[in-house]
Amino acid sequence: MKYLIKNAHVIDPANKIDGLKDILIENGKIAAVENKIEDNAAKIIDAKGLTAMPGFVDMHTHLREPGQEGKETIFTGTKAALKGGFTTVCMMPNTNPAMDSKNNLAIAQDIIRKTANVNVEIMGAITKNRAGKELSNFAELKQAGAIALSDDGSGVEDDAVMQAAFKESVKQDILLISHSEDSKLSAGGVMNEGLISTKLGLKPISNASEYEMVKREIQLAKGLDAKIHIAHVSTKESCEIIAKAKKQGVMVTAEATPHHFTLTDKACESFSGNTKMNPPLRSEADVEALKQALKDGTIDAIATDHAPHAVHEKEVEFDLAYFGIIGLETAFPLAYDVLVKSGLIDMAKLVGLMSLNPSKILGLKKGTLTPGADADITIVDLNKQWVYSKEEVQSLSCNSPFIGKNLQGYIEYTFVGGELKLENGTLKVKDA
């Protein structure tokens with residue numbers, strides 16, 4: 001179907017567009033972006049007062065299927081993506097079975113073909129069964145369609161194994177994504193180390209458990225002239241290490257999550273399992289460092305680390321609750337509030353962080369409204385305030401500390417490959 005989006009404020013950093021434009025969609029592609037377009041054969045979307053941008057790309061999504069369908073499925077997770085304005089998500093490999101072989105990728109790819117509501121890319125596992133001991137077959141995974149490789153959920157802690165992974169990643173030209181955590185330093189911890197963990201009597205996780213591993217990854221990447229992407233950066237020290245490495249020419253990129261630059265460890269005073277995540281919520285100083293790193297380019301992308309868990313896994317004692325929260329549906333309004341409304345960055349910068357930059361890092365032909373590109377478009381009402389209620393949640397799980405919160409910035413329309421899949425905030429998808 002042909003669509004004509006009229007009167008939108010279009011923001012497309014790739015083409016330096018930031019103003020009122022019309023967008024014509026034809027045959028699943030962007031046909032034109034011009035000051036005024038007329039086409040009587042197209043369905044008109046009047047976007048007056050709304051902001052249109054390339055669809056968001058999430059580098060870090062846990063869709064849980066195959067193997068953990070009680071938490072999330074590819075169908076429900078990609079419904080949440082649509083609701084949050086994400087048109088492409090990258091599913092992490094900590095499924096059951098892990099994404100460590102072409103056969104296991106094929107299982108996920110079959111489900112994606114049948115049930116996904118957005119574009120889904122797959123992260124292969126760096127090591128077999130994500131056990132951190134023996135490398136997966138990188139060439140096989142790349143040929144099978146893996147977009148990058150990670151053992152996310154845990155890090156590859158053996159130095160020799162990670163060094164071998166870097167060497168093979170250079171050989172196969174595939175990006176490694178690091179869950180930077182030294183479990184010897186974080187062992188048994190449940191929240192950030194500091195006054196609040198002491199006051200609450202909860203076992204701490206030090207900043208060093210993250211930044212020491214970030215330091216190692218960068219040293220290995222530098223020595224082997226390899227690329228590395230650091231997932232879910234949460235500490236001031238990590239930001240400083242990454243900034244220094246970039247100045248030295250190391251091919252390092254990094255992401256931060258909205259919860260890590262929105263909340264501090266003070267949120268854990270509620271003892272709610274929905275404030276427990278890995279990396280943990282950090283101090284005010286860490287949050288400020290993340291925001292500055294997003295502003296100055298030290299951190300390249302915003303990712304959700306959407307991590308659904310069932311009620312019985314979260315509504316328990318804090319020590320026993322699983323790590324992780326959902327994030328696809330709240331990422332944009334949180335980032336808009338903390339980064340744009342505060343005056344720290346402008347909308348063009350935010351679109352870069354959520355769409356163009358993740359696309360570039362992963363080598364995807366996304367994140368742009370260039371004519372000929374896939375018509376993946378998100379249209380937002382920046383002024384609309386709404387409550388993130390349990391009834392609103394499209395994910396199979398509701399583990400979010402933002403449930404019940406007033407948010408600003410509402411996704412009105414989401415196009416995926418030229419198909420209108422969210423209209424006036426309502427999903428237009430059939431049940432799987």
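Quick reminder: no glycine exception, Cβ is built from N, Cα and C everywhere.
Source: prediction; values computed, not measured.
According to Swiss-Prot, the protein carries these features:
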- ASP305: active site (ACT_SITE)
- HIS60, HIS62, ASP152, ASP305: Zn(2+) 1 binding site (BINDING)
- HIS62, LEU63, ARG64, ASN94, ASN278, HIS309, PHE323, GLY324: substrate binding site (BINDING)
- ASP152, HIS179, HIS232: Zn(2+) 2 binding site (BINDING)
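On the structure: features taken from Swiss-Prot.
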{"residue": "HIS60", "record": "Zn(2+) 1 binding site", "DSSP class": "strand"}
{"residue": "ASN94", "record": "substrate binding site", "DSSP class": "coil"}
{"residue": "ASP152", "record": "Zn(2+) 1 binding site", "DSSP class": "coil"}
{"residue": "HIS232", "record": "Zn(2+) 2 binding site", "DSSP class": "coil"}
{"residue": "ASN278", "record": "substrate binding site", "DSSP class": "coil"}
{"residue": "ASP305", "record": "active site", "DSSP class": "coil"}
{"residue": "PHE323", "record": "substrate binding site", "DSSP class": "coil"}
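Within 8 Å of the centroid defined by the CB atoms of HIS60, HIS62, ASP152, ASP305, the record's Zn(2+) 1 site, lie the Cβ atoms of THR61, MET92, GLY153, ALA231, HIS232, ALA303, THR304, HIS306, ALA307, excluding the listed residues themselves. Around the Cβ of ASN278 (substrate binding site), the same chain contributes GLU181, ILE205, PHE323, GLY324, each under 8 angstroms and 6 or more positions distant in sequence. Apart from the site residues ASP152, HIS179, HIS232, the chain places the Cβ of HIS60, MET92, SER150, GLY153, GLY155, ILE177, SER178, SER180, GLU181, ALA231, ASP305 no farther than 8 Å from the centroid of the site's Cβ atoms, the recorded Zn(2+) 2 location. Sequence-distant contacts of ASN94 (substrate binding site), defined as residues of its own chain at least six apart whose C-beta falls under 8 angstroms from its C-beta, comprise HIS62, ALA125, ARG130, ASP151, ASP152, GLY153.
Close to the residue listed as 'active site', meaning Cα to Cα within 10 A, are the following binding-site residues out of HIS60, ARG64, HIS179: HIS60. Spacing of HIS60 (Zn(2+) 1 binding site) relative to HIS309 (substrate binding site) is 16 Å (Cα to Cα, whole number). DSSP classifies HIS179 (Zn(2+) 2 binding site) as coil under the three-state reduction. In this structure, the C-alpha atom of LEU63 (substrate binding site) lies 17 angstrom from that of HIS232 (Zn(2+) 2 binding site).
Taking the Cα atom of each, HIS232 (Zn(2+) 2 binding site) and ARG64 (substrate binding site) are about 18 angstrom apart. The Cβ of HIS309 (substrate binding site) lies under 8 Å from the Cβ of LYS71, TYR322, GLY324, SER397, ASN399, each of which sits 6+ residues away along the same chain.
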